[in-house]
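**Q** Structure below; questions to follow.
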Amino acid sequence: MNVIEIYNEKQIFHLKTREFSYIIQVLETGDLVHRYFGKKIEKFSDGNKITYLDRSFSPSPITGDRTYSLDVLPLEYSSNGLGDFRTSALDVRNEFGVTLDLKYKEYRLYKGKKELRGLPASFGNQEEVESLEIDLYDQLTDITVTLQYSIFEEASYLARSATIQTGKYPCKLEKVLSATLDFPHQDFIVHSLAGRYAYEKEWTQTPLTKGQYSIGSIRGASSHSRTPFLALASPDAGEDKGDVYAAHLVYSGNFTAFVETTAMETSRLGLGLESHYFSWQLDKDDRFQTPEVLLSYTDKGFTGMTQNSHHFITKHLIRSSFVNKPRPILINNWEATYFEFTEEKILQLAQVASRAGIELFVLDDGWFGKRNNDESSLGDWKVNLDKLPNGLNGLAERINELGMKFGLWFEPEMISIDSDLYREHPDWAIRTEGRLPIYSREQLVLDLTKQEVCDYIIDSVSSILESANISYVKWDMNRNITNIPEGLANDQRFEFHHRYMLGLYRVLDHLTKRFPNILFESCAGGGGRNDLGIMYYMPQAWASDDTDAIERLSIQEGTSLIYPPSSIGAHVSAVPNHQVGRITPLATRGNVAMMGGAFGYELDLTKLSEKELDEISQQIETYHSIRETIQFGQLYRLKKTSNTWAANYVSQDKNQAVFTFVKILGKPEAPLLHVRLKGLDPDALYECPQLGETFYGDELMNIGLTMPHVQKDYFSVQYIFNKI
């Protein structure tokens with residue numbers, strides 16, 4: 001079967017996956033329109049024609065035909081100035097003004113998928129993906145817009161992006177989206193991931209009403225409060241059924257994502273670079289490549305959307321060699337010691353961790369320069385020998401002798417005023433001449449638009465990574481960008497944010513290729529830049545600086561809505577919790593953190609009792625037995641209430657299921673709660689050692705389990721079902 005079918009006589013392009021069809025058409029006028037996106041159809045007859053009506057105040061570009069207006073057509077990629085009053089995909093300015101009349105020119109079809117130069121993007125071989133390029137051309141300005149489509153048949157995803165190519169004349173891009181998509185109705189619930197620092201990825205649902213729903217960021221990062229993702233769902237969509245359209249932007253900087261309604265009760269979805277702080281000067285014979293948008297559709301509800309997303313990101317977006325490798329159980333010293341540690345203290349902590357069965361020790365902030373608090377030394381990537389007299393190499397050797405790998409924290413994009421680097425290169429910090437710098441966490445941001453700054457980061461980080469046996473890097477970023485330089489030539493201050501991201505991607509591309517055997521984890525004060533642009537280079541992310549088990553329920557639910565569990569860093573921490581002061585049982589802290597996928601500990605093990613250490617050892621032993629299922633299995637969200645949460649993971653072969661239930665508060669005379677599992681082999685017999693019982697798969701999925709009636713706050717259970 002052809003993944004892309006072209007009906008030349010009607011100039012129709014039919015892109016197909018195992019779940020959906022995506023159809024576009026060239027009209028006789030040369031305008032490219034969108035005909036259908038939804039459940040897969042085998043053939044498209046075009047029997048249901050576009051209806052043309054004379055709409056008042058919808059102007060027509062065709063003299064004598066008042067029924068033809070761009071204002072009401074489902075345009076595939078809209079421009080400005082010819083009568084489409086909806087939000088456009090592309091705005092330019094040149095000597096001819098601001099109008100573009102983009103008409104179909106030609107197409108190209110090929111197996112496989114090209115890389116996007118300088119940008120993270122999905123990938124696949126010639127058996128997995130087929131690509132289509134469509135050129136739209138404006139004759140007056142000599143501008144060509146190439147729409148790029150790559151269809152992943154088995155993974156059921158479509159990648160879209162656009163390239164803007166100038167010819168004889170220069171122009172300025174004032175807005176350029178990666179994709180827009182017109183729907184023939186507006187009957188949607190909009191789903192997005194909102195939040196704030198330490199409360200990331202809150203799953204929000206908003207009915208689409210008259211006007212526009214939009215999210216975005218101007219922080220120079222995707223941010224804690226917004227994620228470059230939108231889903232449009234039918235009002236009846238639930239976990240297991242209903243239409244869900246998902247759209248991801250593969251980008252880590254300023255972005256916009258919106259869906260708007262029209263007077264004709266249609267809707268338009270759009271994603272791309274945020275335009276208020278963006279413009280880009282193109283010279284003659286110059287080009288600009290947008291970031292990529294990933295689109296999917298399922299009629300299997302949010303479970304279908306989640307599982308498709310997990311599969312696609314794992315197979316076609318994360319580039320790291322670690323993508324399919326089990327993630328190590330780690331301990332991070334941050335909440336155990338903060339800045340106040342010595343080599344002796346680190347080794348004491350490591351010795352206890354080793355006895356518990358932990359596989360990786362991560363040394364967090366404070367190991368370099370004169371870094372005894374957060375006010376100095378960022379940029380001075382030299383070991384503090386007062387704290388670590390044997391250096392990183394000596395410490396790594398001792399950690400390795402204990403049977404653990406060694407990892408290290410960096411914040412390479414930042415610079416402290418009190419640092420040797422700033423004293424030598426004050427011009428490397430982002431700042432506005434004549435104005436006082438704006439500090440955040442007592443630090444400034446390095447200017448990654450400068451090649452010499454990117455080279456310094458590459459060289460200084462590489463020097464450290466080559467100095468010791470380092471197996472893991474936690475790459476942090478603890479502030480957003482302010483003080484954009486005003487004196488840049490050719491209005492480059494409006495190019496600054498995107499140039500920064502291109503510089504960062506260059507750095508990450510170089511380092512992750514140079515050190516393929518190091519596991520990189522991204523962090524931005526938790527989930528402040530947890531997006532697919534970063535995930536392309538770093539296969540896991542620290543989901544949130546909030547490690548409280550109850551707070552983590554919503555954070556991890558929202559994160560795992562679209563991102564695979566293997567990418568979600570989740571740790572057991574001390575009580576009272578350092579962020580919210582809550583005291584939760586160690587069992588619940590472990591059960592919740594295990595659901596994150598990239599599992600670990602972040603507390604002072606040397607202060608725990610033998611009973612607590614024994615419990616941690618048992619948690620680690622348990623996690624070894626379920627790691628493959630949690631990290632690479634299928635996730636099913638189960639029945640939950642305002643006071644309870646439940647989910648289960650099922651291994652790909654259905655030989656194991658892991659069920660977790662959490663009750664937040666004890667309630668008087670609370671009714672019994674029954675939870676049905678999902679995704680098991682209905683005919684198989686499963687054994688549950690925690691319950692001492694056996695169950696058939698269809699029993700667990702149809703009758704379910706009665707939850708224990710325990711009158712305690714923050715109670716949880718974890719049941720493991722192994723096929724007999």
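For all residues, glycine too, the Cβ spot is worked out from N, Cα and C.
Heads up, TrEMBL stuff is auto-annotated, nobody curated it.
Grabbed the feature section from TrEMBL, which reads as follows:
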- 30-282: domain 'Glycosyl hydrolase family 36 N-terminal' (DOMAIN)
- Asp476: active site, nucleophile (ACT_SITE)
- Asp545: active site, proton donor (ACT_SITE)
- 646-721: domain 'Glycosyl hydrolase family 36 C-terminal' (DOMAIN)
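How buried are these features, and what lies next to them?
**A** Taking the Cβ of Asp476 (active site, nucleophile) as centre and 10 Å as the limit, one finds 22 other Cβ atoms among all the protein chains shown. DSSP classifies Asp476 (active site, nucleophile) as coil under the three-state reduction.
DSSP assigns Asp545 (active site, proton donor) to coil in the three-state reduction, outside any helix or strand. In sequence order, Tyr197, Ala198, Gly525, Gly526, Gln579 are the residues of the chain that are 6 or more apart from Asp545 (active site, proton donor) and have a CB within less than 8 Å of its CB.
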**Q** With DSSP helix as H/G/I and strand as E/B, how many residues of the domain 'Glycosyl hydrolase family 36 C-terminal' (646-721) fall in helix, strand and coil?
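**A** Helix, strand, coil within the domain 'Glycosyl hydrolase family 36 C-terminal' (646-721): 6 helix, 32 strand, 38 coil.
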